[in-house]
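J.: Let me give you the structure first, and then I'll get to my questions.
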Amino acid sequence: MTSATIPAHAELILPAPAKLNLMLHILGRRADGYHQLQTLFQFLDHGDELGFSVRQDGEIRLHTPIDGVPHASNLIVRAAKRLQEASGTTLGADIWLDKRLPMGGGIGGGSSDAATTLLGLDHLWHTRLGEDRLAEIGLALGADVPVFVRGRAAFAEGVGELLTPVELEEPWFLVAVPQVFVSTAEVFGAPELTRDTPPIKVRSLLAGGGRNDCQPVVEKRYPEVRNALILLNKFVSARLTGTGACIFGSFPNRDDADKVARQLPGTLPSFVAQGRNISMLHRRLQALAKK
C-alpha cells in the first residue's frame, strides 16, 4: 500500500516505527563528552514509511527532502552512502519518505528512518551484511540507530549501544506532541542535569523502577512540555520520552487511551499506538523472507 508521498512504482515500502524511552538514567559523563546511560526501549506500531527503488548509476536520490535539513546531512542519505561504502556495491537508490513522526520529539524519527534505510537497501541491493554489521554502521550515524536495526525491545547501556533484549507487556500508549523542538545537545549539556544516578539492574527495572533524568531539565527550559505534562497527568501518570518533546502515558486498552486523547485540546496533538517488542520493520522483513 502506497501513501500520497511514496509512488506506486517503488520496489519496496517499509515502516520506520517510533520508539519510547520508558525510562532514562544518566550515570555519568565520559572523557569524550558522551554520557553513560541506562534506558529501556519499546517500539510503537506507528511511524514513518519509506519507499525504495534500485538505481543502476550509483546515485542516492531522496525525492522527499525535509525542510531545513540539507540533502548531504539527512540521516537517510548518510545511511545509504555508508552502506554503499561498507558493501562496495555500485548500485544506488531512489528513496521516498512519508514523514509522520515529529522532529525533535524523542521518539526516534530520524534514527528509525536511518535503520530502515540500512535494512531496506541491504535487502534490495542483496549486500547481506548481517544485523551486527548494520548495527555497527548505524552506531556511527547515531546512538539510537542500532536498537532500530536490531528491532527488539531492549535495555540499553553505555551510550545506548549495549543492548539486552527484554520481553515487556505491550500496553497502549497515548503520545502527546508539544509543539516545540527540544535540543538534545542543550539538554545533555545542561549544568543541572543529574549525572550520578546509580546503575540499576534490569530485573529491578522490569519490576517497576526507573525515571527520566532529563525530564526536570526539559520541564524547566521548555514550558510547553511542562504544561503538557501537567495536563496529561490529570488523566494518567505521564512521562517524557528521551529528551522530548513528546510525552506519554500507558493504558491497558485502546478505548481508554482514545478517551483521554479526545479530551486533550487541539493545541496539543497526540496519537494512540500499541507498544511492540518486535518492531513493525522486522515483522515486515520477516514476512518478505518467507515469500
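In case you wondered, yes, glycine gets a Cβ from its N, Cα and C as well.
Since the structure is predicted, the reported quantities are computational estimates derived from the model, not experimental observations.
The following feature annotations were taken from Swiss-Prot:
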- Lys19: active site (ACT_SITE)
- Pro102, Met103, Gly104, Gly105, Gly106, Ile107, Gly108, Gly109, Gly110, Ser111, Ser112: ATP binding site (BINDING)
- Asp144: active site (ACT_SITE)
J.: Across all chains shown, how many C-beta atoms besides its own are within 10 angstroms of the C-beta of Asp144 (active site)?
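T.: Excluding its own Cβ, the number within 10 Å is 26.
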J.: Setting Pro102, Met103, Gly104, Gly105, Gly106, Ile107, Gly108, Gly109, Gly110, Ser111, Ser112 aside, what same-chain residues sit with their Cβ within 8 Å of the center of the Cβ atoms that define the ATP site, listed in sequence order?
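T.: Close Cβ neighbours, site residues excluded: Ala18, Leu101, Cys246.
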J.: Could you measure between Gly104 (ATP binding site) and Lys19 (active site) for me? Cα positions, answer in whole angstrom.
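T.: That comes out at 13 Å between the alpha carbons.
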J.: Would you kindly give the Cα-Cα distance separating Lys19 (active site) and Pro102 (ATP binding site), rounded to the nearest Å?
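T.: Between the Cα atoms of Pro102 (ATP binding site) and Lys19 (active site), the distance comes to 12 Å.
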J.: If one measures from the C-alpha of Lys19 (active site) to the C-alpha of Gly108 (ATP binding site), what distance in angstrom results, rounded to a whole number?
T.: 6
J.: Select the most exposed residue of Gly104, Gly106, Gly108, where exposure means the fewest other Cβ atoms within 10 Å, treating these as the binding-site residues.
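T.: Fewest other Cβ atoms within 10 Å, among the binding-site residues Gly104, Gly106, Gly108, is found for Gly104.
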J.: Please list, in sequence order, the residues in the chain of Ser112 (ATP binding site) that are at least six apart in sequence and whose C-beta is under 8 Å away from its C-beta.
T.: Ala16, Pro17, Ala18, Lys19, Gly47, Asp48, Leu101, Phe148, Leu281
